[in-house]
Amino acid sequence: MLAVKMIFMLMFVLLVMLGNLSGIIKIISFVTLYMNAMWWPPNLTIGGLINQTLFLMLSSLTVFNFVMAAITGPGFVPLGWKPKDPKVQDQLQYCTVCQGYKVPRSHHCRRCDRCSMKMDHHCPWINNCVGYANHAYFCCFLGFAVIGCMHATILLGGSLYRGLNRHWYIMHGREHLATVHLTLWTLVWCVFSLGLAIGVVIAVGMLLGFQVRAVVRNRTGIEDWIVEKAKYRREGTDETFRFPYDLGVRRNIAQVASWSCEPIGDGIVWEIAEGCDQYSLTREQLAQKADKRARTRRYSIVRRATGSWVPLWSQGICVSVQPPCTDEPRIELNVGDVVNVTRWRKYWLFGEKANSTSKDGQENGKKSIRGWFPRRCAVELVESEDNIEMYINKKSK
């Protein structure tokens, strides 16, 4: 019993050390090939040969597309990029980190520290963003991973069943089926890999579904959020917002899917729907940011924020066990700092240090300091009635 516990602890440590989907797929592949060699040997029947060849092809295609998605990257906006026509600059967002304008559909990734073209999300598995240039490779990687793990689930499940019933086959004169011999180690590895394979099918299958939906609608996850805010802004009015890149299902798919996995266009100029132009979405983003600045509230820090994700000792258990469900950073703040807050939670606030931005919302040449901090560390700055009255009298003179 102690040996089994030690083995499972070793498996857990190994999984944590690998810590990514590629490591999990390698474990599944090696264990599946080992077990399949006993259950359906490829050197004895043509069916066994076809079965193993198919599994090796799925594994190879998974690894190939994984590597290509990682090394290709999303395509980054050139540093200091400006549109050829200066007249359209006021319709584009400006990135002070990259010292250039953001092309339509691009967003700045704080992990890559660059503006990524058609950014969907930053993927820790490939240690890169998923976007314009590698979207097709990423979707193929997810698809082959799911299909390969479904195949592995069948092979591992069949091998495990044969191995557990080996003595029954021998006792009933069916020795030709008693080909899988399970030791303690092979049993643990088989069960462990089977669990991983099922987990990949479920978890990665869900992510694949999200990506297929994004391809069919030609809309990234970030753009989904922009569209939702656009609809919210127009509630109670007759105005409607049309997403400019929805070209219809067939043309949407063609923007990503191809045999070469090469994207269409240059990532700067996009095909657009009738009635829209290249800057329809960017104008909406600028309007949303203006609304966001109008909602901003200034808070003064009255208690030091350590920047910890779990500030148990400094802020208490309520703050620690109810953090915001996001991977956005937690920032360190000192007493006297002023923060422009744009998001509120029961125990947390999200904002940007006031001295890192100018009055019009642009950064002062430095990297902005923004993130979450405990709500109890700050109080809202509200002008007194006397100050407001003095301001009104001064303006009226």
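Backbone N, Cα and C define each Cβ position, glycine as well.
TrEMBL entries are annotated by machine, without manual review.
The transmembrane segment annotation in TrEMBL covers 6-33 (among others).
As annotated by TrEMBL, transmembrane segment applies to 54-77 (among others).
Per TrEMBL, the feature domain 'Palmitoyltransferase DHHC' maps to 89-225.
Long-range contacts of the transmembrane segment (135-161) within the same chain: residues 21, 25, 28-29, 31-32, 35-36, 38-40, 51, 54-55, 58-59, 61-62, 65-66, 68-69, 72, 74, 118, 120, 123, 126, 180, 182, 187, 190-191, 193-194, 197-198, 200-201, 204-205, 207-208, 211-212, 215, 256-258, 261-263, each at least 6 residues beyond the stretch ends and with a Cβ under 8 Å from a Cβ of the stretch. The transmembrane segment annotation in TrEMBL covers 135-161 (among others).
Look at TrEMBL and you will find 182-210 (among others) tagged as transmembrane segment.
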Overall pLDDT of the domain 'Palmitoyltransferase DHHC' (89-225), taken as the mean: 92
Contacting positions for the transmembrane segment (182-210) when only residues 6+ beyond its ends and CB under 8 Å are counted: 3-4, 7-8, 11, 21, 24-25, 27-28, 31-32, 34-35, 139, 142-143, 145-146, 149-150, 152-153, 156-157, 159-160, 163-164, 166, 221
